[in-house]
Amino acid sequence: MHRVQNVQSHVGEYAPDILVVGSCFLDYVGYVDHMPQVGETMHSESFHKGFGGKGANQAVAAGRLGAKVAMVSMVGTDGDGSDYIKELERNGVHTAYMLRTGKSSTGLAMILVDTKSSNNEIVICPNATNYFTPELLRAQTSNYEKILHTGLKYLICQNEIPLPTTLDTIKEAHSRGVYTVFNSAPAPKPAEVEQIKPFLPYVSLFCPNEVEAALITGMKVTDTESAFRAIKALQQLGVRDVVITLGAAGFALSENGAEPVHVTGKHVKAVDTTGAGDCFVGSMVYFMSRGRNLLEACKRANECAAISVTRKGTQLSYPHPSELPAGVT
């Protein structure tokens, strides 16, 4: 059974500036002192269950900062799905167009975090997300009329739901004059790369990391200069604006074909890097929605992501406005 979830706590018409179409997963996180070897059974130092999924992470990052943001995703009709919708609302994310299915449970991610390096390993089980098809989304939203409304400024998509749904939504939003943001994580498979390339002209802002940029362009991204070359190659494929995130090394970007620039990362003692890239993307679009240009939005998003890696957890680590350094507004 598929149905649109109508949340009663939102009264009257809601007109978000930002719409996120993506994934909602439950995170099962274990903290270990080293990553297990093949055949090794080990104890975790601690464990927690949280809320994740790249789409929801980005929506929550924006919502916590005060954005007018709405989420469209597919969760189960199970208790986890109900809990997730409530959690989104608690973080300022509008949920009236969330979809639910009785055909599968809510998706989940199994995450190991190395407490010494802060690196992680993640295994995803999409579950309900597999039913999030473009045909279903069109049917439940009156061919997008309910979600791509007049006045919507930004659409954010990732690569964690069925790719046809992502690409169909991006193309439709672009045709309606919406600024489309595509974060190509997790890294696309070779067949997905070939599907993505023809859709890049419909992407206003493409935001890959260095691995994803290399997969799309065929160019290795190992330093600032190679990142600049990849940016130019992506713009030749039809993208207007490009941001390549470089982990602790910061990011490189070009807005509207201008010469690329590099901004170094902020050095902090990282505890858990899970979801830091999502924090960056959601925060970046929030600051853009407040009138910042791409460079200034990314600088501020860099501050938000730097805060997030100093804390355990994914969405729980994302900052509220009161936690930001002076001048980061």
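Just so it is clear, glycine is given a Cβ too, placed from its N, Cα and C backbone atoms.
Close to Asp278 (active site, proton acceptor) in the fold, though at least 6 residues off in sequence, lie Lys54, Asn57, Gln58, Ala61, Asn183, Thr314, each with a CB less than 8 Å from its CB. In the three-state DSSP scheme, Asp278 (active site, proton acceptor) falls into the helix class. Here Swiss-Prot flags Asp278 as active site, proton acceptor.
Residues annotated as substrate binding site in Swiss-Prot: Phe25, Leu26, Asp27, Gly53, Lys54, Gly55, Ala56, Asn57, Glu160, Asp278. Under the DSSP three-state reduction, Glu160 (substrate binding site) is assigned to coil, being neither helix nor strand. Residue environment of Glu160 (substrate binding site) contains 26 other Cβ atoms, counted within 10 Å of its Cβ in all protein chains.
Sequence-distant contacts of Asn209 (ATP binding site), defined as residues of its own chain at least six apart whose C-beta falls under 8 angstroms from its C-beta, comprise Ala185, Ile244, Thr245, Leu246, Gly247, Gly277. Annotated ATP binding site per Swiss-Prot: Asn209, Thr245, Leu246, Gly247, Ala248, Ala249, Gly250, Gly277, Asp278, Asn302, in sequence order, evidence recorded as sequence analysis.
If you look up Swiss-Prot, you'll see Asp272, Thr274, Ser308, Arg311, Gly313, Ser317 marked as K(+) binding site. A C-beta separation below 8 Å, combined with a sequence spacing of at least six in one chain, links Asp272 (K(+) binding site) to Tyr31, Val113, Ser118, Asn120, Val309, Arg311, Lys312, Gly313, Ser317.
In sequence order, Lys49, Gly50, Phe51, Gly52, Leu108, Ala109, Ile111, Thr274, Thr314 make up the list of same-chain residues 6 or more apart from Asp27 (substrate binding site) whose Cβ falls under 8 Å from its Cβ. Counting only same-chain residues six or more apart in sequence, the Cβ atoms lying under 8 angstroms from the Cβ of Ser308 (K(+) binding site) belong to Gly275, Ala276, Cys279, Ser317, Tyr318, Pro319.
The number of other CB atoms found within 10 A of the CB of Gly313 (K(+) binding site), across every protein chain shown, is 19. Taking the centre of the Cβ atoms of Phe25, Leu26, Asp27, Gly53, Lys54, Gly55, Ala56, Asn57, Glu160, Asp278 as the substrate site, the nearby residues of that chain (Cβ within 8 Å, site residues left out) are Gly22, Ser23, Cys24, Phe51, Gly52, Ala109, Gly275, Thr314. Separation of the C-alpha atoms of Ala56 (substrate binding site) and Ala248 (ATP binding site): 23 Å, rounded to the nearest whole number.
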